[in-house]
Amino acid sequence: MTHSTQQLSPEGVAEGKRGRLIRELVNRDKTPLIILIMAAVVGVVTGLLGVAFDRGVDWVQQQRLLALANVADYALLVWPLAFIMSALLAMMGYFLVSRFAPEAGGSGIPEIEGAMEEMRPVRWWRVIPVKFIGGLGTLGAGMVLGREGPMVQMGGNSGRMIVDIFRLRSPEARHSLLATGAAAGLSAAFNAPLAGILFVIEEMRSQFRYSLVSIKAVFIGVITSTIVYRYFNGERAIIEVGKLSDAPLNTLWLYLLLGIIFGAVGVIFNALIFRTQDMFVRFHGGDWRKLVLIGGLLGGMCGLLALLHGNAVGGGFALIPIAAAGNFSIGMLLFIFIARVITTLLCFGSGAPGGIFAPMLALGTILGTAFGLSCAHFFPQYGIEAGTFAIAGMGALFAASVRAPLTGIVLVLEMTDNYQLILPMIVTCLGATLIAQFMGGKPLYSAILARTLAKQEQARATVIAQEPAVENTPQTGR
């Protein structure tokens with residue numbers, strides 16, 4: 001018996017250790033089933049919200065354009081009508097935000113990041129309707145805003161709504177479903193499930209609490225929201241630019257150069273956004289009437305610009321395939337780029353309910369196409385296709401501004417269905433991110449959140465300072 005025990009002892013000990021490790025790993029994964037079920041519910045709700053919001057914006061825009069088309073032959077009518085309709089739609093969005101849910105202004109993504117750190121409140125009962133209806137107004141007016149910011153915020157708020165409705169008390173459930181809604185919202189906005197997952201894991205890395213529960217919940221929510229989106233809209237790529245040729249290896253240095261350019265552009269772009277936000281705060285000074293009036297003027301301006309040069313306004317998704325196909329000259333591309341930079345800064349910096357993803361992707365496409373056409377002119381021996389630089393530029397500006405290169409790469413590849421361009425995308429986005437970091441630029445959403453928290457603390461300090469001091473006078477008795 002002693003001999004047998006001594007012979008089996010080393011193997012038995014090793015086997016026992018492996019068994020304990022496996023049991024510990026299995027027992028550690030005590031994922032509450034209710035959280036995973038609720039994650040699926042959050043994904044379905046967010047997907048339905050995304051489809052409704054997308055179709056609602058399209059309907060409002062179509063009705064506005066149809067009304068203008070009916071009076072297109074009457075110049076004395078079409079110009080005033082274009083201004084008035086867009087102004088009224090925009091004013092509705094600004095009014096709802098300023099009067100009922102100030103946290104619904106702007107993109108909304110920084111609000112979700114703040115909520116994940118328990119620094120910002122989540123009032124879903126007012127944010128969801130205000131963001132939905134207000135977004136219909138501002139985006140329907142033709143302002144240079146995107147649909148993805150509202151979808152991320154409404155998705156995150158939907159997650160918190162499910163938590164409150166089903167009375168899930170655990171902090172893990174509250175955090176996981178908030179992140180799930182945000183990821184599902186981005187997935188539903190762009191039909192890009194992997195980008196939705198990466199956005200939460202990479203861009204919100206400082207706020208997201210990594211655990212088996214939260215990762216599973218995010219995956220399930222993104223899957224269900226994507227299924228809902230594709231059930232109603234089909235499985236085609238959201239931006240159809242056709243299949244582009246792969247980039248030859250001897251042209252990769254040009255993509256690195258493009259990334260360097262976009263790194264600098266991203267830092268400057270972010271700085272201009274912050275300056276524009278400060279400028280509008282000085283203009284309205286917190287007075288909601290002035291803010292609504294400013295919003296009406298901006299909306300009316302976009303309505304007029306839509307008649308003059310439609311490519312200068314709108315989210316930009318319709319412009320991307322046209323620009324990537326090389327239908328504009330270099331001079332026209334630069335003109336559109338400058339015009340859209342100005343309109344993007346004005347619309348987003350004013351605090352209108354709407355995102356900046358889509359306008360940013362359009363800007364990257366335009367400048368990338370201009371760079372590609374220039375390279376094709378100076379280096380004809382490479383046989384360059386300008387569209388590949390358009391796709392690379394689309395992700396590069398996002399990577400430099402938001403500081404999430406992996407999300408930018410995957411998002412653009414999923415949206416355009418051009419996965420063969422992954423190598424030039426990596427070179428361009430990594431170069432843009434490194435240059436932006438070297439120049440000291442701050443990630444866009446993190447910087448906006450920091451500014452919001454600073455204003456929150458300042459307002460709190462002002463309230464405390466204005467409270468009357470209570471004097472403790474000694475009580476005397478007889």
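From the backbone N, Cα and C atoms, a Cβ is placed for every residue, glycine too.
In sequence order, Ser107, Ile109, Pro110, Glu113, Glu203, Val402 are the residues of the chain that are 6 or more apart from Tyr445 (chloride binding site) and have a CB within less than 8 Å of its CB. Annotation comment: Swiss-Prot describes Ser107, Ile356, Phe357, Tyr445 as chloride binding site, evidence class sequence analysis.
For 109-116 (among others), the entry in Swiss-Prot reads intramembrane segment.
The list of residues near the intramembrane segment (177-189) in space but at least 6 beyond its ends in sequence, with Cβ under 8 angstroms from a Cβ of it, reads 35, 38-39, 42-43, 46-47, 49-51, 54, 109, 112, 115-116, 122, 146-148, 151-160, 162-163, 168, 195-197, 199-200, 204, 208, 214, 217-218, 220-222, 224-226, 228-229, 357. Residues annotated as intramembrane segment in Swiss-Prot, with sequence analysis given as evidence: 177-189 (among others).
Taken from Swiss-Prot, the feature intramembrane segment covers 193-201 (among others), and the record attributes it to sequence analysis.
Among the features that Swiss-Prot reports, intramembrane segment is placed at 387-401 (among others).
Same-chain residues lying 6 or more positions outside the intramembrane segment (405-416) and placing a CB less than 8 Å from one of its CB atoms are 190-195, 198-199, 202-203, 237-241, 361, 391, 394-396, 398-399, 422, 425-426, 429-430, 432-433. Among the features that Swiss-Prot reports, intramembrane segment is placed at 405-416 (among others).
Per Swiss-Prot, the feature intramembrane segment maps to 417-421 (among others). Here the intramembrane segment (417-421) has Cβ contacts under 8 Å with residues 237, 241, 243-244, 246-247, 388, 391-392 of the same chain, all six or more residues outside its ends.
What Swiss-Prot records for 106-110 is motif 'Selectivity filter part_1'. Long-range neighbours of the motif 'Selectivity filter part_1' (106-110) within the same chain, counting only residues 6 or more positions beyond its ends whose Cβ lies under 8 Å from a Cβ of the stretch, are 127, 131, 149-150, 152-154, 156, 182, 348, 351-356, 445-446, 448-449, 452.
Swiss-Prot lists 146-150 with the feature motif 'Selectivity filter part_2'. Through the fold, the motif 'Selectivity filter part_2' (146-150) approaches residues 53-54, 57, 106-109, 131-132, 135, 139, 185-186, 189-190, 315-316, 353-360 of its own chain, all at least 6 residues removed from its boundaries and within a Cβ separation under 8 Å.
Long-range contacts of the motif 'Selectivity filter part_3' (355-359) within its own chain (CB-CB distance under 8 A, at least 6 residues past either end) are made by residues 107-109, 144-152, 189-190, 273, 315-317, 340, 344, 347-348, 398, 444. Sequence annotations record features per position, and here Swiss-Prot assigns motif 'Selectivity filter part_3' to 355-359 based on sequence analysis.
A helical conformation is recorded for Glu203 (site 'Mediates proton transfer from the protein to the inner aqueous phase') in the three-state DSSP classification. Summarising the annotation, Swiss-Prot assigns site 'Mediates proton transfer from the protein to the inner aqueous phase' to Glu203.
Marked as topological domain 'Cytoplasmic' by Swiss-Prot on the basis of sequence analysis: 1-32 (among others).
For the topological domain 'Periplasmic' (70-76), the model gives a mean pLDDT of 87. Swiss-Prot lists 70-76 (among others) with the feature topological domain 'Periplasmic', giving sequence analysis as the kind of evidence.
Annotated topological domain 'Cytoplasmic' per Swiss-Prot: 117-123 (among others), in sequence order. Within the chain carrying the topological domain 'Cytoplasmic' (117-123), a Cβ under 8 angstroms from the stretch's Cβ atoms is held by residues 101, 103, 111, 156-157, 160, 178, 207, 449, 452-453, 456, all 6 or more beyond its ends.
What Swiss-Prot records for 167-176 (among others) is topological domain 'Cytoplasmic', and it gives sequence analysis as the kind of evidence.
Among the features that Swiss-Prot reports, topological domain 'Cytoplasmic' is placed at 202-214 (among others), with the record citing sequence analysis.
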What same-chain residues lie close to the transmembrane segment (124-141): Cβ under 8 Å, and 6 or more beyond its ends?
-> 49, 52-53, 56-57, 60-61, 64, 85-87, 89-94, 96-97, 100-101, 103-104, 108, 147, 150, 153-154, 157-158, 160-161, 164, 295, 299, 302-303, 315, 347, 352-354
So what sits near Ile356 (chloride binding site) in its own chain, CB-to-CB under 8 Å and at least six residues off in sequence?
-> Ser107, Leu145, Gly146, Gly149, Ile273, Thr344, Phe348, Leu444
Maximum Cβ pairs under 8 Å to the transmembrane segment (33-69) - stretch from the list 77-100, 215-232, 253-281, 330-349, 422-438 | 215-232
Residues close to chloride site centre defined by Ser107, Ile356, Phe357, Tyr445, Cβ within 8 Å = Gly106, Ile109, Gly146, Glu148, Gly149, Phe348, Gly355, Met360, Val402, Leu444
CB neighbours within 10 A of Glu203 (site 'Mediates proton transfer from the protein to the inner aqueous phase'), counting all protein chains shown, number 25
